[in-house]
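What Swiss-Prot says about this protein:
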TOPO_DOM  1-7  topological domain 'Lumenal'
TRANSMEM  8-30  transmembrane segment
TOPO_DOM  31-52  topological domain 'Cytoplasmic'
TRANSMEM  53-73  transmembrane segment
TOPO_DOM  74-92  topological domain 'Lumenal'
TRANSMEM  93-114  transmembrane segment
TOPO_DOM  115-126  topological domain 'Cytoplasmic'
TRANSMEM  127-152  transmembrane segment
SITE      E139  site 'Essential for proton translocation'
TOPO_DOM  153-156  topological domain 'Lumenal'
Amino acid sequence: MAENPIYGPFFGVMGAASAIIFSALGAAYGTAKSGTGIAAMSVMRPELIMKSIIPVVMAGIIAIYGLVVAVLIAGSLDSPSNNYTLYRGFIHLGAGLAVGFSGLAAGFAIGIVGDAGVRGTAQQPRLFVGMILILIFAEVLGLYGLIVAIYLYTKQ
């Protein structure tokens, strides 16, 4: 019972919660920031709205990363009497924090790049490819967190 304390599952629940909360915060910021850029750009160039929606979609994908890890963690939560160790709780917390904080950072990057990129593309269409490349690098930050979280999750 010493390695299965009653508070062990608390850390697992905190891992699941932090995975979805922080990645959703990043996705929300990225969506809001790039969405304001799209709204400002569409006043002058309404024909570019559908082309400029890419940053919003990429920001939404960040939340899916957190959702995947949160569902994985929540699916393996169990009571301490059913051999849910403190080690497992810490692993789940680490996995949730990894994907959550990397999703938060990626969402911030996508929002800032998406806002500036959409506004710049409205004035100079050749900036579109550069914006997409930078957005891909920002999205990969969230993907790194997902990879680390899944790797940690499999260590239980």
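The chain as shown is numbered from 1 upward.
Just so it is clear, glycine is given a Cβ too, placed from its N, Cα and C backbone atoms.
Where the transmembrane segment (8-30) meets the stretches 53-73, 93-114, 127-152, the count of C-beta pairs under 8 angstroms peaks at 93-114. Long-range contacts of the topological domain 'Lumenal' (153-156) within the same chain, counting only residues at least 6 positions beyond its ends with a Cβ under 8 Å from a Cβ of the stretch, are 69, 72-73, 76, 87-88, 91-92, 95. Same-chain residues lying 6 or more positions outside the topological domain 'Cytoplasmic' (115-126) and placing a CB less than 8 Å from one of its CB atoms are 33-34, 36-38, 40-41, 44-45, 48, 51-52, 55, 134-135. DSSP places the residues of the topological domain 'Lumenal' (1-7) in helix, strand and coil in these numbers: 0 helix, 0 strand, 7 coil.
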